[in-house]
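Data block below; observations after.
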């Protein structure tokens, strides 16, 4: 097997949308039912995707809102971003659009590896954001999209596998662009 690659992923979103729950479900395989606001935590996990082993460093950020100022560290050495909203919260869906815009401004690129995640899909009776709305938003950003339930462990692993694939796809496009040569 090839040497493992290191990738750093930041998880961003509005308060109490399940960023930490999704991350802990992926890393430790358990759901934390209590809400304890995160300042910032970093987790590590080894995962194999398409035969390649990845050493992931996951930056679980504090909840942001439309007035949050992003620390510069959110743009340094980050290989991909998971943007999380709750399918039970219109506010979180609106704020994720603001977060996306601020992220693009901070990183200084139009296209970055992003995975949009609609979390809490197990709360059917409280749903206010449809799957189609989430998918349409992701498509408008040219981002990957999944809905998830950290509580029921639905697609937690898929979310992190997918962001790795998105990051690798962009890395491939970047390295292909670098290898081309023009003589004038």
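Glycine too: its Cβ is placed from the backbone N, Cα and C atoms.
For 16, 17, 18, 19, 20, 21, 32, 33, 119, 122, 150, the entry in Swiss-Prot reads GDP binding site, with the evidence type experimental evidence. Residue 16 (GDP binding site) counts 16 other C-beta atoms within 10 Å of its own C-beta, drawing on all protein chains shown.
The GTP binding site annotation in Swiss-Prot covers 16, 18, 19, 20, 21, 32, 35, 38, 119, 122, 150. Counting every protein chain shown, the Cβ of residue 20 (GDP binding site) has 23 other Cβ atoms within 10 Å.
Secondary structure at residue 20 (GDP binding site), taken from DSSP and collapsed to helix, strand or coil, is helix. According to Swiss-Prot, the Mg(2+) binding site annotation covers 20, 38, on the basis of experimental evidence.
Marked as motif 'Effector region' by Swiss-Prot: 35-43.
Residues annotated as site 'Important for autoinhibition of GTPase activity' in Swiss-Prot, with experimental evidence given as evidence: 35.
Among the features that Swiss-Prot reports, phosphoserine is placed at 130, with the record citing similarity to another entry. Applying an 8 A CB threshold to same-chain residues 6 or more apart, the list for residue 130 (phosphoserine) is empty. Under DSSP, residue 130 (phosphoserine) is assigned to coil, being neither helix nor strand in the three-state scheme.
Feature annotation from Swiss-Prot assigns S-farnesyl cysteine to 181.
Positions annotated as cysteine methyl ester by Swiss-Prot, on the basis of experimental evidence: 181.
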Original post:
If you measure every Cα to Cα distance among 16, 17, 18, 19, 20, 21, 32, 33, 119, 122, 150, the residues said to bind GDP, what is the biggest one in Å?
Top reply: 17
Original post:
When a 10 Å sphere is centred on the Cβ of residue 21 (GTP binding site), how many other Cβ atoms does it contain?
Top reply: 24
**OP:** State the count of C-beta atoms found within 10 angstroms of the C-beta of residue 150 (GDP binding site), not counting that atom itself.
**Re:** 28
Original post:
How big is the gap, in Å, between the Cα of residue 150 (GDP binding site) and that of residue 21 (GTP binding site), rounded to a whole number?
Top reply: 6
Subject >> Sequence-distant neighbours of residue 32 (GDP binding site) in its chain (C-beta under 8 A, six or more apart) >> reply: 20, 21, 24
